[in-house]
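J.: Mind having a look at this structure? Questions to follow.
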Amino acid sequence: MAGYNLEAIEAAPLKEDLDIVIPTIRSLDFLEQWKPFLKHYHLIIVQDGDPSINIQVPEGYDYELYNRNDINRILGPRAGCISYKDGGCRCFGFMVSKKKYIYTIDDDCFVAKDPSGKEINVIAQHIKNLETPSTPHYFNTLYDPFRDGTDFVRGYPFSLREGVTTAISHGLWLNIPDYDAPTQLVKPRERNIRYVDAVMTIPKGVLYPMCGMNLAFNRELIGPAMYFGLMGEGQPISRYDDMWAGWAAKVVCDHLGFGVKTGLPYLWHSKASNPFVNLKKEHKGLHWQEDMVPFFQNLRLSKESDTAAKCYMELSKMTKEKLTEVDPYFEKLADAMVAWIEAWEELNPSVVDGKDVKAK
């Protein structure tokens, strides 16, 4: 653990380096409880649905609020790549941010407590996860060796102990678990009461179901790959926005040599969504995931794709070539992926030797 001062990381708020992105259709009263932990950070609120609704934000927060009219104005003809009436609209906030890190949270999530009764500072733990290395090439049976009180176990190759840069920190939830509609219907009263005090790296080559309700990532490294797809109203699928982003971003992280962690921190997920409504939104995805997951498991990106944006452009072509045979929707999704990268680069030009670098 030499070289990593975890106490300093926890003490440093990094408020100049992190934006908090919140998608919502309602006033954000839930932020009152979060004030001790979030009030020092800049919020980017993405209002979904009817832009004429007045969203109320508790006093004391520094924030920007964007609605659909703003998205249309800023992105112009590419605005269609941002989902409507779907939590995937949050990725617009990722695009307009200028910070190194993003933390995104849903508006039905509250501060959780650890087994000792202490309130959990989700930002501090996500920062720890992101600012210490991941170990995707060899599994450590004591999980994250960069946490206090642990290390690499006997038999762990010294050549791999430096680890790799962490790009994604995936947090979890107490109370309402993130289940799909069929599982909700079978287990309507099930609650997650298990607090597992662990952080672990997801191994290279292994996919996972990423949930967007408690998620942090390094925007500079992986931002262009954090596209939450084209979902919601007008599309045949919803509630797979974060799944798509998670699969794509993990493949890109593996290709570029970055790591993904999951586990701590926990928050309190307060409200179960309607399983019958969810089933209507998910039913195609429940079938399509049996093709989408193998697609991501088997694809290989080229050496020329050496940035997240280039990787995502290549991925858009593969999506059109391989998944359109599953359903014509995927051709529309692939076009939206291209529009997303074009819009990202227009708002976030990369400069190398004084020249803009575009992903082609």
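Positions of Cβ are set from backbone N, Cα and C atoms, glycine also.
Automated prediction, rather than curation, is the source of TrEMBL annotations.
Feature list, courtesy of TrEMBL:
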type     : residues : note
SITE     : Arg154   : site 'Required for activity'
CARBOHYD : Arg154   : N-linked glycosylation site
SITE     : Arg161   : site 'Required for activity'
J.: Cα distance, Arg161 (site 'Required for activity') to Arg154 (site 'Required for activity'), nearest Å?
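T.: Just about 12 Å between their Cα atoms.
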J.: Which is it, of Arg154, Arg161: the one of these recorded sites whose Cβ has the most other Cβ atoms within 10 Å?
T.: Arg161
